[in-house]
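Feature annotations, reproduced from Swiss-Prot:
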ACT_SITE  HIS117  active site, pros-phosphohistidine intermediate
BINDING   LYS11, PHE59, ARG87, THR93, ARG104, ASN114  ATP binding site
Amino acid sequence: MAIERTFSILKPDATARNLTGAINALIEKAGLRIVAQKRIRMTREQAETFYAVHKARPFFGELVDFMISGPVVVQVLEGENAVLKHREIMGATDPSKAADGTIRKLHATSVGENSVHGSDATETAAVEIAQFFSGNEIVG
């Protein structure tokens with residue numbers, strides 16, 4: 001099994017409800033290490049760049065507005081098959097369809113306010129990590 005890194009964001013709905021510790025506990029229980037973490041307020045430009053892949057979708061503006069509505073926690077996670085493992089513990093985008101015990105089943109309030117983002121591939125993770133962290137901020 002390969003040791004990988006993936007990128008995670010605890011979204012404004014999660015930080016507003018002080019869920020950082022609870023979500024981090026689920027991440028660590030799944031065997032992933034948090035090797036970088038910081039609480040930030042995304043700028044509109046950062047959010048638009050980060051979600052540029054969705055620019056043509058009807059929900060893009062609402063997504064950007066949500067992501068800049070409050071603080072987020074950006075993270076780099078490390079572990080065996082980190083991308084897949086993190087996606088499994090996040091659960092389905094729609095919390096009503098998420099498996100029991102997943103972050104979204106436990107904490108998300110809707111499809112839009114689903115508490116967490118996770119990279120979908122190692123290549124995507126590398127790009128997303130570089131958008132928010134410099135090399136010396138990642139201590140693995």
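In case you wondered, yes, glycine gets a Cβ from its N, Cα and C as well.
Sequence features, as recorded in Swiss-Prot, placed on the structure.
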residue	record	DSSP class
LYS11	ATP binding site	coil
PHE59	ATP binding site	coil
ARG87	ATP binding site	helix
THR93	ATP binding site	coil
ARG104	ATP binding site	helix
ASN114	ATP binding site	coil
Candidate with sparsest Cβ neighbourhood (10 Å radius) among THR93, ASN114, the listed binding-site residues: THR93
Cβ contacts of HIS117 (active site, pros-phosphohistidine intermediate) (under 8 Å, same chain, 6 or more positions away): PHE7, SER8, ILE9, LYS11
PHE59, ARG87, ARG104 as binding-site residues, winner by CB count within 10 A: ARG104
LYS11 (ATP binding site), number of other Cβ atoms within 10 Å: 24
